[in-house]
Structure formats: structure tokens, C-alpha cells
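What Swiss-Prot lists as heme 1 binding site is CYS132, CYS136, MET140, ASP400, and the listing cites similarity to another entry. The heme 3 binding site annotation in Swiss-Prot covers HIS152, CYS449, CYS452, HIS453. If you look up Swiss-Prot, you'll see CYS157, CYS160, HIS161, GLU496 marked as heme 2 binding site. Per Swiss-Prot, heme 4 binding site is recorded for CYS487, CYS490, HIS491. Look at Swiss-Prot and you will find 14-34, 45-65, 100-120 tagged as transmembrane segment.
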Amino acid sequence: MTLRKTAGYLWNPISLIGFLLAVVATGLIIAFIAMEMITGIDHPYIGLLVYFAFPGMLILGLILVPIGAWRVRNQRRTEVPEEVPPYPRVDFNDPHKRRLFIFFVLASVIFVLIVSVASILGFEFTESTTFCGELCHVVMEPEHKAWQGSPHARVKCVECHVGPGAEWYVKAKLSGLRQVWAVLTHSYHFPIATPIENLRPARDTCEQCHWPEKFYSGRQRVFYHYAPNKENTPREINMLIKIGGTPKSPHAMGIHWHIGTEVTYIARDRKRLDIPYVAVKQKDGSIVEYMDTEKPLTREEIAKAEKRRMDCIDCHNRPTHIYRSPAREMDEHIVSGQIDAGLPYIKKVAVEILEQPYKSKEEAHAAIEAKLPEYYAKNFPEVAKVKAAAINQAVAHVKDIYSRNFFPRMKVTWSTYPNHIGHFYTPGCFRCHDGKHKTSTGKIISKDCNMCHEMIGQKGENIPEGKVVKEFVHPADIGDALYNVNCSDCHMAAAEDSAGGEGPGKH
């Protein structure tokens, strides 16, 4: 009996299923890649199918083909051992085997080409912001939304979170497997906890584009605010921010002194808001230690604690994923003309509506659409008629403010993640510069405002026009609290950036 004439080894259910999977997967890969190239569609779930699911399906199919053939051959060798040799014979003089060999070579070349192209494109896909930000849509929506409106919106996620080199690429992908599992099993945190553990040092990533020596002199900055009153009175703070020192000077000074000098610290909490210990390495190699006088650490605690060397991220901890307070967002929208400052109490009312708790984005949008026009119809009916278009435009922008800074599904709001730049809503600079960190000889880390910024001018309802302001004037008279209390103690508690709101509000 000639077994080949009756049926080949590949004619079995397992091998046929493998053939079917391989052919279908190949067709789908080619079709979807062609569609992406022709239409320009870059959808994360299409990428997941094309670069992972379909190649996996192809490989599985090609594994099933020889498994099925091997099972049939073993079975036939058991039945007719004299006609089936222990090992396959490759005889190129046999036309049938020659054709099979040519088919095998061509199929292998096609397989390698398809898998190679899919692997390269798959690698590029995993490096894309589409993969990082949109594939796990619910989990990453807050971060992706913040990135889209950030100063680094044209910088890919991997350039900061992974950086150059194969070592950190492998580490990132291995860490990513744990995160994928957390998403699949819904075991991730609400909200995502920060700072991220084992994040690549900022000197390896941030300093690919930025480095402390690049920023020399000061930078003028004007902060525009509006009082939460009927007139939305404009307030203006004009400052010189002392970023660095004199170009090519050996004297480190300004804000970036912290990076030019070796500074280490110990934080009590995960978010690094409570810093009881700071150590500065002097040029002669000696170490100067500053201890919190109110809550000092013992020597034993210092020895056991994790010491972190200060880098960019200790101040610029939200360089891209930035969430802004409703008050600050309203200031920016009013000064840009997107929201009409002529609408009475528009800042106060909008902030109050935005700060209400909502179960979903849809509920928040519905509340904004209802409450803002209702407020003007009830309290300022003439304004509601004359400025109906401005009110509708304000509604659209307030909804956008909510969408960019509040994410109920992930339990994220603008205040969830402290931003250490400045000291307005969080302690920021005052974590160390609080006047309470002292050395054993009595030297303190100064809280002098002029160390980091210098007042050029200020305008406000309580400042006479034309008056030259050299020191900051608070919009409300708070006495010595201006110097004895941190800004964030009041502003974060009230979720506002300015005092002076009086009269109607409460939509």
C-alpha cells in the first residue's frame, strides 16, 4: 500500500485548521495594513489586532500544521512500520517531494516577511502615543487628555517614560505586562498612584532636551487673575523669575541651583510633600544637613530612610500631565477673550458649578448647560437676553474645562496630583523653604520670596493706579498670615486662587 496515494500527512483536522488560521491571518494582516496606509486611520484597537492578534493567529496556525502531520505519521508508522521510516526522507529526485520543498521554502520566506513587517510595525505601534494613551482608554484617559494640551504634546510618551537604549525598553515592557494584567483584571488603582516607582532618572530623559546650564538668566512672567466679583475685576502680577545665574559664571544661583548642586533629601510620604531632612554637598566634599525643627528625624531614622538625590522631577513633577484649577482655567479663558468678562460673576459662578461633585462627565455637562444660563435668567434677566450668545459660548468653554480637568470614572480631579512647581495650591517650594529647616549651627533654609522671584509690578482693586509695587500685595488684608502661613493652606482648602468674592453666586 502506498500511503501517499491514499492521503498525505497534512490531510487531518489539526493541520487543516492550522492552514485555515494561517491563510486567514495572512489575509487580514495584509488587508488591514493596506487599509491603514490608504486611509491613514490609526485606531488603537486595529493596531492591537494587526500587530499582535493576527500575527499570533498566524504563528499558531503554522504550529498546528506540523503537529497534525506528526500525529498522523506516528499513527501510520505504528500501523505499518515497514512502509514508514523512522525519519522523513528528503529525495529531490522525487518530483512530489521536490515540489513540497519548493512550496515550503516559498511559504517560509512569505511567513518571515509577514512576521518581520508585523514585528517592526508592532514595535513602532508600542512606541506610539496611540498605544500608550488610547488603548487602555478609561485608565489612561486623564493622563492622555492632559498630555494633549501640554507643553510636551508633540513629544511621544516613550521619549520621557522609557528614553533611549534597549535596557530601559525591556524594563518598560516587562513592567507593562504587569499593568496590562491589572487592566484585564480591573485591579488597578483609582486614581493611578504617583509618583511612578522605578521611573527612569530625569537626567537620562529630560536632559536629552533640557539641561540646567541651558537656562541662565531670569524670565519675566505676568500672571493674570480676575476677582470673583460682579465686575470680574482684573488683577495682574508682574514678576521676574530667577531661574539661573549669570552665563558662564562659576557661582550657582537661582532656582536651578538645586540641580547644579548635589542635594539629597528624605520624604516621609509617597507624594514627597513632607520633607523633614535635606543634605547639601559642599564643594569641599563636606555635607551640611538641614533638619525640620518641628518634626525632626532621629539619627536612626535618617540612617534607615531612603535618601533621594534631587533632580528635575522633584519640582517639575507634572511637566506634561498638568491639571489646572477651575479658577486658573477661568482666568486664562477670560484674558484670552474666550469667555466674556462682561458677564457678571462669571468666574465665581463657573468655579462653583465646576467644583460640585458629579458621578460622570455627562452629568457634569448637563449641569453646566442648565445651571449657567439659569443663573443669568434668574439674577440678570437683561444680561441673559443681550448676551445670550456670550453665555452659550461660556457654557461650551466651561464644559471643556471640566473635560480636561475632571475624570469621575478614574476619580481624578485637578487637585488629585500635587504639582510642586510654585507654592500656590500645594506646599511646593515651601516643603524645604519654610524657614524651619536648620543646621546644627543655626543656619536655615530661607523662606525669602526674593530668592526665587522679584516683584516688578502689580495691579488690583486694592492697589492705587500708578503705584509702584515692590512687594506682593494680597487682594485681601490677611495681616501677618501672608508671611506666617503657606499659600496652599488657604487656597487649596478653598479651591480658589483669589479672595474678594462677594455678592451673588451659588448658581
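Cβ coordinates come from backbone N, Cα and C, glycine included.
Annotated features taken from Swiss-Prot, shown on the structure.
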residue	record	contacts (Cβ under 8 Å, 6+ apart)
CYS132	heme 1 binding site	MET140, HIS144, CYS157, VAL158, HIS161
CYS136	heme 1 binding site	VAL183
HIS152	heme 3 binding site	CYS160, PRO319, THR320
ASP400	heme 1 binding site	none
CYS449	heme 3 binding site	GLU471, PHE472
CYS452	heme 3 binding site	ILE241, LYS242, GLY254, ILE255, CYS429
HIS453	heme 3 binding site	MET239, LEU240, ILE241, LYS242
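When each of the binding-site residues HIS161, HIS491 is scored by how many other Cβ atoms sit within 10 Å of its Cβ, HIS161 comes out lowest. All protein chains considered, the CB of CYS160 (heme 2 binding site) has 19 other CB atoms within 10 Å. Residue density at MET140 (heme 1 binding site): 19 other Cβ atoms are found within 10 A of its Cβ, drawing on all protein chains shown.
Less than 8 angstroms from the CB of CYS487 (heme 4 binding site) sit HIS423, PHE424, TYR425, each of them six or more residues away in the same chain. Listed in sequence order, the residues of the same chain lying 6 or more apart from CYS490 (heme 4 binding site) and placing their CB within less than 8 Å of its CB: none are present. CYS490 (heme 4 binding site) falls within a helical segment according to DSSP.
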